[in-house]
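As written in TrEMBL, here are the features:
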DOMAIN    15-285  domain 'Protein kinase'
REPEAT    301-334  repeat 'TPR'
REPEAT    335-368  repeat 'TPR'
REPEAT    369-402  repeat 'TPR'
REPEAT    403-436  repeat 'TPR'
REPEAT    437-470  repeat 'TPR'
REPEAT    471-504  repeat 'TPR'
Amino acid sequence: MSPGQVIKTLGTGNSFNVQSCHKGGMGVVYIAERQKDKKLYALKTIRDDKIKDEIKRENFIKRFRWESQVWIVLGKHRNIVQAYWFDFTYNYEPLLVMEYVEEHPNYGNTLKDWLLNKSLDLKTILNFSIQALTGLIYAQKVIKEELNMPFVHRDLKPANLLITKDGTVKVTDFGLVKAFGILESGICGTPLYMPPEQWNGKEIEEKTDIYALGCVIYEMIERRPPWGLTKNEIRKRHFSKRPKPLEKVPIALNHIIIKCLEKDPHQRQSFSELREELQRLHKRLTGKRVNVKDYPEPLSSEELNQRGSGFDQLGFHKKAITCYNKAIAINPKDARFFLNRGNSYFCLFQYDKAIKNYHEAINLSPKLPEPYIALGNVYSKKGQYEEAIQNYNRAEEFNPEVAEIYLARGNACANLKQYERAIKDYKKAIDLNPDFAEAYMGLANVYVCLKDYKQAEKYYDTAIKKNPQYAQAYIALAKLYHLMGQDEKIDKYLKRATDIDPNIGEEYGHDSIS
């Protein structure tokens, strides 16, 4: 994706005009303008060119989803880069939509940039350190309360501390967040800032981040990291060397940094202890403490709606409903909030509540097609396909350019064995969205019913090409090969499906195929 191109999202139906692209080791961040509000966002996704192995790719996507969950849970705090919502692109790549931090015209927008372009005075160094710690203290508290897990960032470095034009520090890149029991322990981080326990692949904790932050404070003072040049030199010094005392700073700050860089993590401070030490020093030098906020900022109704959409995409529908309830309390006139809350109830199989919310959305915005599509989906789930089709027809009246209408109506027609009508609708959906994997899947299913297995195989293959993570398509293809008498191909596709979704075996598998 390059500047000038458009990223479209499936879950929230947004379109973003790409302005610039910033590639990392395994991910990429696009700076893009949302067409709806002309506001800049940072869009984080994975780098396909770096992950050729399908199993590794699936594992990385799982990790990306976990990162997104952690980040969204953090909400809005002045010292955290805000994650608005999680989504998928039309190419079925996971996408995290985040706050864009505008660059300072002279210094850039990361601490790394600032250190390349500006010398920091002691007051600023203490201020930036205290702000970063405030973000970490807040994150630690929220992760404990919301997810009941310890929090470790484990990749603190100048590039992951963003600075706004007014000097507000924001911690970013929670891609290496360690939540015990979810991500594997192991060597993961940036060598210049990793303590001995992280090099050894041992279990890590809050004190790991303290060590990294000590390295960052040292670098703010000296404009270079405390350790060596090559990776091996750096590793040896992390294990065996102490940094030389700094001549330009008070003795108290030297003691603070040395304690941060203790080889034994038990000898280091906690986040709160380190912040208090730096606050006392700041007051001694300036006569006052840095003003900090340990609580989140209030979210607008739109931000709550976005947050709810993110939780829905991650499968946390009850958390999503809580967000929509708060959004509706602030603004009870926005049909989208009721629509989205209805979708959450639908995913929880609470169909009566879903229907009630869809009707609320229609009352507020009678010409919005999405509530009619959603109502149709409820009736389809109940096996009331004629009622479903009536709602899809209403949606088409208001906007005939929505591909999802034709997919949904095609599915209903297929269930009524109206196969020619279903084929027509699926093809219309594909005309509107050539990358619509579910529409190819629908076509394939119809051709199976018509016993045209070659056509079915063709469309299953296309569905998989459009969305390589489409576990149900691999299952369907395995079933098709059984019908075609090509049982030697079954295991390959079943394995592929269970690699993507280990739980799919509970519903599908050899028993359902044979």
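Count begins at 1; order follows the chain as displayed.
Even glycines carry a Cβ here, placed using N, Cα and C.
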Helix, strand and coil residue totals from DSSP for the repeat 'TPR' (403-436) stand at 27 helix, 0 strand, 7 coil
Per the Cβ under 8 Å criterion, with at least 6 residues separating them from its ends, the repeat 'TPR' (403-436) contacts 90-91, 369, 373, 376-377, 380, 383, 385-386, 388-389, 392-393, 395-396, 442-443, 445-446, 449-450, 466
Within the same chain, the residues 6 or more beyond the ends of the repeat 'TPR' (301-334) and with Cβ under 8 Å of it are 11-12, 65, 68-69, 72, 75-76, 83-88, 97, 340-341, 343-345, 347-348, 364
On average, residues of the repeat 'TPR' (369-402) score a pLDDT of 97
Its residues classified by DSSP, the repeat 'TPR' (335-368) shows 27 helix, 0 strand, 7 coil
